[in-house]
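Colleague: Before anything else, here's the structure in question.
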Amino acid sequence: MTLSPLLPLRISRSVRPPAADRLVPVALAALLCLFAATAAPAQEDLAAPPQPDPTPEITDGTVFTTDGGLDEGADGDPATVEEVGLGADNDEGEFQTDGDKGNEADQVVVPAWITILTVACVFIIPFLISYLLGRSWRMKDVPMRLGLVLFLAALGLTPFIYNGFAAQAAGLTFMDGVRSSLKLGIDLAGGTNMVFQVDQEKLGPEGPDRKEITPEIMDRMVGAIGKRINPSGTEEVTVRRVGQDRIELIVPGADPEKVERLRRAATTLGNLEFLILANTTDHRDLIERGRTLSGTERVVRRGPNPAAAWKDVGRNKDGSLSLEDALNTRGINAFRFVDEDGQILATPPAGIEVRPTDGVRAQVLTVLPRPGKEVDGKFLTRARNSRDPDSGRPMVSFNFDTQGAYRFQALTSANLSTDAVRKRLAVVLDEEVRSAPGINGVISSSGVIEGDFTSAEVDEIVDVLNAGALEVPLDPTPVSEFTVSPLLGEDTVRKAVYSILGAGLVVLLFMAIYYMWLGLVADLCLVLNLILVLGVMSLIEATFTLPGLAGIVLTIGMAVDANVLIFERIREEQARGSSLRMSIQNGFGKAFSTIVDANVTTLITALILFLIGTDQVRGFAVTLFIGIVCSMFTALYFGRLLCDILERKRWVKSFKMFSFVGDTNIDFASKANLAFTVSCVVLLAGIGLIAVRGANLLDIDFRGGTMVTFQLDQSESAAEVREDLEGLPAFRGNVSVERLELDTDAPGEEGRRFRVRTTLRDRQLEEDPAAFGGATSVAQLVAEAFAATGTVNVRRVTVENLGAVETLDGAGRKAVNLTFSEPIGTTTVRRELGDATAKLAAEQGQPIDDPQAPYTVRGRGEATGGEGEAGSYQSVRVIASGAVSDERFAEALAVMQADLELSPVFDEVNSFDSAVAGEMQRSAIFAILASLVAIVAYIWLRFQRVDFGLAAVAALVHDVTFVLGAVALANWLVGGLNAGPAVGWLGLEEFKINLPMIAALLTVIGYSLNDTIVVFDRIREVRGKNPGLSKDIINRSLNQTLSRTLLTSLTTLIVVGILYVFGGEGIHGFAYCLVVGILIGTYSSLYIATPVLLWLMNRNTNKPVATSPPVSEPATARVA
């Protein structure tokens, strides 16, 4: 997709070429369909024919397949590969992720008639209707034009109608299916919250080889996971770091299949390695050393360097380990079996299967390459899905870069099989050996991973490999998994939805009254625009948050601008005495160039934000791109079609409309210096306020803080919990509340689990406890807030039975069984025990860096919290390492028991990172700066001078800075001066910058840019071939575009004003930014952009600026 053909476009100022009337709108429609197709998530291809790998990228004529395929090129002899069944019972190259894919028999089968009817409604009926209407009206060119419009409208409605009928087939109502077509965000529909922890077991035992967990590593992992699960940025998925070794994943909705898919994508290590299996001929010494290691040790050393490592064997689809081939294969004697306690078991006889419920892992010994010789996934240039040319089955193809190909060739050439021993290449995915083909030839640059995959599974693997491997493994079982209720209450959502609908209806009514017949044309264009936008968003499965829905209505309000430009041009043509047909032709023709310029600059911005921005910015870019393309199509193509029909059928003889502004002769240029001075003063004051408020201006999205998860002793709503917490000054305006739910909650237990987030951190309370009522931790402050209500408290859990300490082995490990009064999380027990150990160490003057490290806590019996809270048990087993003495272990248990008697229990207390990590913030800023450069470049090419681009960017910077200053002002008045009651009539709150506000700022940039381009286009027209720019040209241009400027601002302000006044807290800050942004954007197009342009174009001349250029027309209020 490219926009370059539009760059050199020079369009007649009077009549648009006939070709553009047909080709450009069709091209826009095709562009929209293409973008939707490429942005839509891949669906599983159930009946795709066999296709060969389209881009094998083979440099040496060799293709490697993990099921044994080594095919030499035409000049070589075919090589064969003997396969060992280590990880699968069908195709050993299989990469089967965890989780049940579901029973296909349970899927609802949509009747064939629904599919046939849907196809007919989209591809046949629209063109049939348009053909019949064209014949009836005797208009030969209408059928194809109207057919395209009806086809796209039907295409936009298809997801809703199809899902409606499918819901009826499943026993639901039609509206249930229609509602399911829109994926709602966590603020509207709730979702699933999962917290994953680094798998400490897979990191290996303490020692020099164990990878240290650093904040930088965890931040990079957050970025990699975000790319895997939200590549398009439209999912509204939140990924952030929690504590030192945890990552939180928040998924809108609670669809089990989607949650499971994202869980797999998030926890799959994505680490692809190629190693050599140890054999008794070449590696006897390594095998002997490996057998001396304990079950918890994996690495075999030669001197200080690691030489070999035990790797787990992958499991079959049913979870079993098929070991018969491995045990009976010649030369593969380096294997062992380890139970869940790290004990090495006797080798089972050949042919038996070990089930995962036994907690047994099969391991084989692999030879590690020397440093600098590794062959792994970091050398992949690209992974892609392809198909086996023979069987047609999906598979993963990959290519190495030059260095990777050289290393792979060296590895395979040094380990060729001989008659004496069959040497095998271990294909290791996520630290598990998936297959072990024999090496019968040299391999270098490319290969495939084959198996019994579905297309969806291959897509997951490809996304994981392309996003990059996780640097440390995550435990696939979440530490916690809850269903989160909608973040906004029903009243808040209802109020916002009503205001959104009301704003849309007011805009439609205003246009119908002001422009009469043309207003009805605009309304039909807006309705079609809405159908197309929602249809494409549904097709790509974009997630709608409340600000997102408000943004859709705002798009409609801004889409009015194109109609206003056209209608005002038609007004001018009618005023000159042109016939209705010529007025329509010239009106659309003259407005065409302005609309293209104004919207293409925004499209370029959206494209750059999508290509190099972060997930959050890319999501906005997708919505912006779709909205702009749809509005251009509806205004330029559908609007022209309707006007042509009205004129040719003689249903109207002229287009009557009200005049809002009339002729004006305002001297804008003379007030430029005053306006510039005022702007500078206001901007400096705003920047000062931003600096004064500092971090207090940022919401939790950007600051992070502390999150506390707990259960109350009685049920409350999220609003009541927030009210309880804000009873303490420290939490006012500084807390968010999520209600957590489980399917297994008994009656009366709903509304007891909550997760609270605040920007406060424990160190703040420790440094100044007096400022927080003596509390030294956020958890203590939360407990005090509930205790102060006198009606509800955080629950307490006590130790009912403390068993005897058992000695496990000679390494000093010991264990004890604990029984609690209520189910408690294993991580909670580990944290409480670590706190007790830290308290004892501090009393003795020997502080410990990680007091939880020596302890492992496992549940006993069935988990009582259900699947979502798998770590909660009534009874647990605590295992302490040899680093803790028997005496210290007993003391720590006693201290923990005493503490639980006195204090409430918090299921989780952890710090959490911002939703936009530092690297992501830098990426987003870079994307915005790159888009500004692209704007300058495009405007330079279209207007033939770089001054126009620089002036437009100056206005954008002015507007964004002003809006941020307005946010800082409200934050300072309400939060700093406590002047809320005095300014309450303005609706001001202690606004803080969050992700919806960033979306609002980007929207302001688009609006301001559009407004400025319209003015610049009229300046170019009035200026003509005059090489200079004068104040008179500026004044004439601004007066001629004033009517359009004010009308567009008015319709947009109607929308955002209603949202601000009546929309409620869910969109209040979002709407505030837009109200300020629309006002200041209108102001800057009049008093900032044009004076800056005037100064830039005349800065190199010593002559005074001309005041009376040769212009032949009087100044009248017109638009470009």
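Each Cβ is built from the backbone N, Cα and C atoms, and glycine gets one as well.
Just lifted these from TrEMBL, have a look:
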type	residues	note
DOMAIN	924-1095	domain 'SSD'
REGION	45-102	region 'Disordered'
REGION	843-869	region 'Disordered'
SIGNAL	1-42	signal peptide
TRANSMEM	146-165	transmembrane segment
TRANSMEM	496-517	transmembrane segment
TRANSMEM	524-540	transmembrane segment
TRANSMEM	546-567	transmembrane segment
TRANSMEM	588-613	transmembrane segment
TRANSMEM	619-643	transmembrane segment
TRANSMEM	674-692	transmembrane segment
TRANSMEM	924-941	transmembrane segment
TRANSMEM	948-973	transmembrane segment
TRANSMEM	993-1016	transmembrane segment
TRANSMEM	1045-1063	transmembrane segment
TRANSMEM	1069-1096	transmembrane segment
Colleague: Answer with yes or no whether the transmembrane segment (619-643) touches the transmembrane segment (1069-1096) by the criterion of at least three Cβ pairs under 8 A, sequence separation 6 or more.
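Modeller: Contact between the transmembrane segment (1069-1096) and the transmembrane segment (619-643): absent.
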Colleague: So which of 496-517, 524-540, 948-973, 993-1016, 1045-1063 is most in touch with the transmembrane segment (546-567), counting Cβ pairs under 8 Å?
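Modeller: Ranking 496-517, 524-540, 948-973, 993-1016, 1045-1063 by Cβ pairs under 8 Å to the transmembrane segment (546-567) puts 1045-1063 first.
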Colleague: Hey, which of 524-540, 993-1016, 1045-1063 has the most Cβ-Cβ pairs under 8 Å against the transmembrane segment (924-941)?
Modeller: 993-1016
Colleague: I need to check the long-range neighbours of the transmembrane segment (948-973): which residues 6 or more away from its ends have a CB within less than 8 Å of a CB in the stretch?
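Modeller: Contacts of the transmembrane segment (948-973) (Cβ under 8 Å, skipping residues fewer than 6 from its ends): 601, 679, 682-683, 685-687, 689-690, 692-693, 696-697, 932, 935-940, 979-980, 983, 988-993, 997, 1000-1001, 1004-1005, 1008-1009, 1012-1013, 1016, 1069, 1072-1073, 1076-1077, 1080-1081, 1084-1085, 1088-1090, 1092-1093, 1096.
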Colleague: Compare 496-517, 524-540, 588-613, 619-643 by their Cβ pairs under 8 Å to the transmembrane segment (146-165) and return the stretch that comes out on top.
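Modeller: Maximum Cβ contact count belongs to 524-540.
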Colleague: Across the domain 'SSD' (924-1095), what is the average pLDDT of the model, as a whole number?
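Modeller: Taking every residue in the domain 'SSD' (924-1095) and averaging pLDDT yields 86.
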Colleague: Take the transmembrane segment (496-517) and find every residue of the same chain, 6 or more past its ends, with a Cβ under 8 Å from one of its Cβ atoms.
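Modeller: Apart from its flanks, the transmembrane segment (496-517) reaches 488, 523, 526, 546, 549-550, 553, 556-557, 560, 563, 567, 646, 652, 655-658, 660, 1047, 1050-1051, 1054-1056, 1058-1059, 1061-1064, 1066-1067.
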